[in-house]
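First the structure, in the form of structure tokens, and then the observations on it.
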Amino acid sequence: MVQASQHDADTVVAGLNSGTDGLKDAQVNSARETYGLNVVSESHAPSLPATILGSFRNPFVLLLIVLAAIMVATNDHIGASTITVMVLISVGLNTTQEYKATRAAQALRAMVVATTTVIRQGKASEIPVAQVVPGDIIELKAGDLIPADLRVVRAKDLTVSQSSLTGESRPQDKTAEPQDSTDENLLHARNVCFMGTSVLSGSGLGVVVTTGRNTYFGAMARAVADVQPRSAYDLAIRRITLLLIRIMLIMAPTVFLLNWWHTGDWLQALLFAVAIGVGLTPSMLPTIISANLARGTSFMAARKVIVKVPDSIENLGSMDVLCTDKTGTLTEDRIVLQRHLDIEGKPSQLVLIIGYLNSMHSTGVRNTMDDAVIGAMNKSTGTALPAYRVVDEIPFDFERRRLSVILDRVTDLDQLTPPDEVKDVGPQELHLAPGEDLLLTKGAVREVMSVCSRVMHDGSITALDDAARATAVATAESLNSDGMRVLAVSTRIIGADAARAHFVHDNWGYTPADEADMVLIGFLAFLDPPKESASAAIQDLHRAAVDVKVVSGDSGLVCAHVVDALNLWDDTPADARAQRSMTGAQVDQLDDEALAQRVNDVLVFSEMSPLQKARVVGALQARGHVVGHMGDGINDTPALRKADVGISVTDGVDIAKDTADIILLEQDLRVLRDGILEGRRTFGNIQKYLKITVASNFGNVFSVLIASVFIPFLPMLAVQLLVQNMLYDISQTSLPWDRVDGSVLARPRRWTDGHITRFMVILGPVSTIFDVVAFLLMWFVFHATGTTASGAVDPTSQHLFQTGWFLVGICTQVMVVHMIRTEKIPFIQSTAARPVLWASAAAIAVALVLPVVPFTAAAFSFVAPPATFYPWLLATVLAYCLLTQWVKTRYIRRWHEWL
């Protein structure tokens, strides 16, 4: 790239065996074989064998394999066979969940494919970015993502944002001129565009020099392997997992030493300690999270919402403020040109003609207002126009907020398309003498008027004095107050000598400095009617505790009209609404701290630039909000990147879709509400597993310590503990399909360590109490003391004790899921979904069968309990459930929350 930047464009193009017509098909195929696809990293879904192999890396599975090997070495083939079956079951479950989740994610990503316009064999066509090869000629226009590292071949007012690489918000102007060899920083090269950056304004051509992993972006990706900011969700999961691992690292050695001291069998004590360590680790947490997120993405895809980043579902559920643009979200995005008026509000055909010529001849991204102007002109009758050709263009940018095209008259009959006679037709004001250029400007009212010194009034040009300016402003504001978006149009004829001077010596065309001494002609007024469903959708969001703020580039009067039409002011009196509105200029007058103080109370932000939108998002985040931003334009990109959840639509510009986390296939707030509720459902079900697991594991810490101190033999064999863990974990895989309470869906929730730690400390000891009850029950009621009356070791008695604790443990673990999964009374006020009920019943049924089937009893060293044990078991489980319910009610009364 350094050499490409230092040579002239023609040399670079020729060196890549390309030309103005681009590559031929044979060259493309050859380049693809040499360089591969234009991707930074291959993101293929892992194959089925790779997924299976990954499932074997689970610590739980690895421990089972070690135990099976030890049993083979000690000739315990039945035990080894049994554990092998357990391995196959565990691997099968993990593989099924992971394979389905990755395939579903791959299918969703395929629905949102970035494309670029490439010239091949003299024809322009749109292709997936991955198909780009070195030597391709790429067309560049506002809103495009740069698909590879390019050498600029031609540029017209081309500005590119390199913030994704440099972090600098200021755009960089690009040119086709060779780079000074003394500047060693390639990022400063004005004739190079890098993969991952985006075009803000202007147009141009570039030749692809490097693709994929060979690009600057690819080198960064290799050096900084996926360093992404972690969400609160990620950090909380990580901290809780590390807490449980720390507990395990303390507990396992302690349990090993205590049991070795009691039993004298170091091998069994070691295996038991290792099994305890694995049991204290939430081994199913990744599977549960993956299954929840996969279910959430599938649910949202069915409702035409594509989740690019699965973790963003949780952020969507936690969102409590949504910033949204007005167009297409609150309005129909069905823009119609209602009026074309002079500055006094009188109909003017000249205004329509100037607007038409500007829209028709601009080369940037054509928006819906351009389409409306062209459509209105096509329907207009009786207006003949002279033939013009484009001389130059001054593209739109968000500082000037206007666009200009420069035309001249076609005087050569052969240049007319279709051929026509050269006639002096059309308005007299647009007639040009030979060599003259016509500068036509269209844009925001304030910005266009700022470059006007004259005004067209009753067919004559006069000075734009204060009185005329006041008349024009009043007309524009009157249209705004009726809910219409207003653009101003102006013109200026450039004399022949001045026109020629723009293209001699070092001058390369017209610049924004030429937008001066313009003649204000009048206004184009557009109507985009409010969307009927928007009001109800926003009320639904309010009921879901999501505050909606309008953040738009339109004027304050237009935004206020739409908000008023949709009844979004709530109870705000008319005379107080100004206090709930801010313009971009007012935002600029405040520093970040002052803006954060105001931002909560403001409903409508109008006339906002891209960076101002991002500042509003940042100010809301500074106040502790989880913020979503919904937008589809270039001007939304900084806010989409800044927001916790970036939301765009499928017909948005490439850079907006690339930046967003979530893509709506329909621009409708109703589907967004469904997504928010699904995010909260996902959050609730993950919270269930996490809180149930940490409470149970924390209780088990004390239970195992008590047993290791007071029980003179292993309270449970390692293989029995692993079977118990496996049955419990399998039953938990149904949680992603569970229902959640209305209170979980009613408001956004945040991941906090304090809530989970408090839950663990309060609920954990409840399970310890009933583990101790099980010890006492087996010791004193069923005399499972591990010895005979004479004091000899009695293995059958030991196995009876172990079986009793195994059954009490699995039954209480499974039943407590139903107690904790809801803040209501389980089975009466709230019943789990059928998959959870069936999984729970199956786990308990298998646990009860294992000790009474001779084969499994022998394999796992179980002893069938006497019939009198089962009433005690039932009573213990019921007492456990009742105490848990009692603790739950007190917990909710004290802290006003549960999950």
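The backbone N, Cα and C atoms fix where each Cβ goes, glycine too.
According to TrEMBL, the feature domain 'Cation-transporting P-type ATPase N-terminal' maps to 3-76.
Among the features that TrEMBL reports, region 'Disordered' is placed at 163-182.
As annotated by TrEMBL, transmembrane segment applies to 240-261 (among others).
For 267-294 (among others), the entry in TrEMBL reads transmembrane segment.
Among the features that TrEMBL reports, transmembrane segment is placed at 759-782 (among others).
Taken from TrEMBL, the feature transmembrane segment covers 802-820 (among others). If you look at the transmembrane segment (802-820), the same-chain residues 6 or more away from its ends with a CB under 8 A from one of its CBs are 688, 691-692, 695-696, 707, 714-717, 720, 723-724, 727-728, 731-732, 735, 763, 767, 770-771, 773-775, 777-778, 782, 784, 826-827, 832, 836, 840, 843-844, 847-848, 851, 861-865, 869, 873, 876-877, 880-881, 884-885, 888, 899.
Positions annotated as transmembrane segment by TrEMBL: 841-863 (among others).
Counting residues 6+ beyond its ends, the transmembrane segment (869-887) has Cβ neighbours under 8 Å at 762-763, 766-767, 769-770, 773-774, 777, 781-782, 804, 807-808, 811-812, 815-816, 819-820, 825-826 in the same chain. Under the heading transmembrane segment, TrEMBL lists 869-887 (among others).
Mean model confidence of the domain 'Cation-transporting P-type ATPase N-terminal' (3-76) amounts to 81 (pLDDT, 0 to 100 scale). Helix, strand and coil residue tallies for the domain 'Cation-transporting P-type ATPase N-terminal' (3-76), in that order: 45 helix, 1 strand, 28 coil [DSSP].
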